[in-house]
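Colleague: Structure provided below as structure tokens; questions to follow.
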Amino acid sequence: MPCTDACIRRAAMIAAQRMRAGFVAGAVLYALGQGCALLFQWPLLRRFGLQGYGDVGLAHLGLVTVLFLADLGYASLFLREDPAAPGWNARWRQALWHRLLATLVLDLLWIAGVWWSGRGQGEGFRYLLAALSATVFGLVGYSAPLLARGRMLAGFIVQQVAMPATILAWFVLQQLPGWDGGLGAGLAVSLGYLLQALVNIAVFGAPLQLLWPRRGGGRRMLRPALQLSLLSIAGTLHDRLTPLLLASVAPAFLPVYLFLNYLLNGASGVFNQFNRLLVADARGPAGEHWAGALVSLVLGAAAVGALALLVVAAAWGSAEQRAWLPWVTPVLAAGATTLLSSVLAALLIGRHREATMVPLLLGGALCSALLQVAAAAAHAPQWMLWLRFLCVLAMAAASLHLCGLRLNAGGYAALLSAVLAVSLGGGPVTMTLAALLLVPVAWTVWQRRSLLHTTLSARA
């Protein structure tokens, strides 16, 4: 028995080290990939100017949207499937058929939309025509099965090849006569995604048979995939609603909101790299441990950050900056809560319980949207931001329950400290109470290494 316990502890340590290394690698590679995606926009802006860049930039946004929607949720679904399992090749090819059909439909809609807006003229339409093949090359990606197989570094690398290759191709094409416009930029994107597809094939060692879509079957697999896709689309639409409403009721705050949202989206992207690992290991002790650790990290950091924001604003902020606190705090609080919810969602997906999230998140997003629209109609933008935060918090609490997790005493202290800091302003009494509540938080983390309890249903 002692030997068995020692072996179990050693296996848990190895799994934890593997998760930690994978998280760091994923975060770094994601940051590099996003940096290259942002860098590609700079030469486009220099080449086409503000007006021309608007057309090309919208066409590029259409490309990104098609790639996102055409996945149909399969990228998450195959994270929890072992490529060595019987029938995996057939399921992969069936999924490829579904994704190919979705890509063709979305491509037609994309072309129709750009044609309608510009009558087939301009650099944006030329970019679209040249970049169209990138939507097909983007179907060839084996990041999910590589991660499911435990090849974490390779799984993260193969999804970040396209944009660096695109930048290099664009610099070369600009030197060739006739290829320095939208046609050349779109071709550079297609070449980048072609190279990424070839790298995926080489790294995964996939038989060429996997590139041939398989018609028929796969309906049982399509339903959970569409559920995941629906959740992603609903979340995206929910995020896009707030700035649209702010543009009409609080245009002065809109630039601040967009900047904060950009920072929060960057943090969310880093977290999503961990979430992809968590989906693959959700049923194991390492996955449960890391999910609890990350939720505790977000909750503890939110409590400390909320108090620090008050202290900094009181000590060094100007009167104008302090006036923005009631606007900024609900945005930051909602962002932190969304990070926490993304970890819980990954845990549920890895346990094949995504169906339980659909009514919860769709209902929560709809309720939030209705409340935001009502607040905007009443010209109460601050209420709009606070109501959005409360809805996001309610969805996170329900997700915590679905995962079989609950806050311990330190977790409740952290939550109360953060709520006091963000909701009652920066008075001396509030700051003192929020600071005192951090003492049991620190004690609980030191004693238990977590701000959560795991209930009996956690592994269900």
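Every residue gets a Cβ built from N, Cα and C, even glycine.
Below, the features straight out of TrEMBL:
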TRANSMEM  21-45  transmembrane segment
TRANSMEM  57-79  transmembrane segment
TRANSMEM  100-118  transmembrane segment
TRANSMEM  124-142  transmembrane segment
TRANSMEM  154-173  transmembrane segment
TRANSMEM  193-212  transmembrane segment
TRANSMEM  244-264  transmembrane segment
TRANSMEM  293-318  transmembrane segment
TRANSMEM  324-348  transmembrane segment
TRANSMEM  360-379  transmembrane segment
TRANSMEM  385-405  transmembrane segment
TRANSMEM  412-443  transmembrane segment
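On this model, are these features tucked inside or out on the surface, and what's nearby?
Modeller: Under 8 Å from some Cβ of the transmembrane segment (57-79) lie the Cβ atoms of residues 41, 44, 92, 95, 98-99, 102-103, 106-107, 110, 113-114, 124-125, 127-128, 131, 134-135, 138-139, 141, 143-145, 147-148, 182, 186, 189, 221-222, 224-233, 276, 279-280, 349-350, all in the same chain and six or more residues away from its ends.
Sequence-remote contacts of a segment are chain residues at least 6 beyond its ends whose Cβ falls under 8 Å from one of its Cβ atoms, and for the transmembrane segment (293-318) they are 271, 274, 325, 328-329, 332-333, 336-337, 339-340, 343-344, 400, 405, 407, 411, 413-415, 417-418, 421-422, 425-426, 430-431, 434-435, 437-438, 441, 445, 449-452.
Counting residues 6+ beyond its ends, the transmembrane segment (324-348) has Cβ neighbours under 8 Å at 231, 250, 253, 256-257, 260-261, 264, 267-268, 271-272, 274-276, 278-279, 282, 287-288, 291, 294-295, 298-299, 301-302, 305-306, 309-310, 313, 354, 356-357, 361, 381-382, 385-386, 388-389, 392-393, 395-396, 399-400, 402-403, 405, 418, 421-423, 425-426 in the same chain.
Listed as Cβ neighbours of the transmembrane segment (412-443) (distance under 8 Å, sequence separation of 6 or more from its ends, same chain) are residues 299-300, 302-304, 306-307, 309-311, 313-314, 322, 325-326, 329-330, 332-333, 451.
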Colleague: Can you tell me which recorded stretch out of 100-118, 124-142, 193-212, 244-264, 360-379 has the most Cβ pairs within less than 8 Å of the transmembrane segment (154-173)?
Modeller: 193-212
Colleague: Where, among 100-118, 124-142, 193-212, 360-379, do we find the most CB pairs under 8 A to the transmembrane segment (244-264)?
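Modeller: It is 360-379, which has the most Cβ pairs under 8 Å.
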